[in-house]
Amino acid sequence: MSYYIPYVIERTGRGERSYDIYSRLLKDRIIMLSGEINDAVASSIVAQLLFLEAEDPDKDIYLYINSPGGVITSGMSIYDTMNYIKPDVSTICIGQAASMGAFLLSSGTKGKRYALPHARIMIHQPLGGAQGQATDIEIQAKEILRLKKILNEILAENTGQSVKKIAKDTERDFFMSSEEAKEYGLIDQVLEKSAR
């Protein structure tokens, strides 16, 4: 199913200019991460983060997240870029932040991680599958366990929880309300009104 991307028209003293809504939001340093996180989505998010840093390295960037998660390596490219650039990255969950979406939500600048009142946040261990020869399956299993360890350590750092607690809580899907995610340390505040 396809959907229409709205255009907005700005009127200035020099005339009119139309933008697709996402380009217009980018002018206000807002990036939308919606849907499954894959290489194409990650490349777009990374490019926007780098562009906004080049525009003004001292102004915050706002990353709005409504995502069921996705590919770990794609999400890690966004995570690494968020940490690489100079501007603070404020994360805001709208709708849901699950799996890698929740990981990125928790990875915003401390004190600037938010969720709307009815958002849902879910953390769990990495998912994967392997096929082929026994040796290939063993290689894939070792890699997913390595990624699980890295993700658990980063989530522990982001939330203030112990790695042991993160490992236990992510053993299965662990859903939270916005308030519960705040208590857990995934976010800093539940927003009733815009923080901007």
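Using the three backbone atoms N, Cα and C, a Cβ is placed for every residue, glycine included.
Residues or ranges marked as active site, nucleophile in Swiss-Prot (evidence: sequence analysis): Ser99. Look at Swiss-Prot and you will find His124 tagged as active site.
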Subject >> Cα-to-Cα gap, His124 (active site) vs Ser99 (active site, nucleophile), nearest whole Å >> reply: 6
**OP:** Report, as a single number, how many Cβ atoms besides its own are within 10 Å of the Cβ of the residue listed as 'active site'.
**Re:** 16
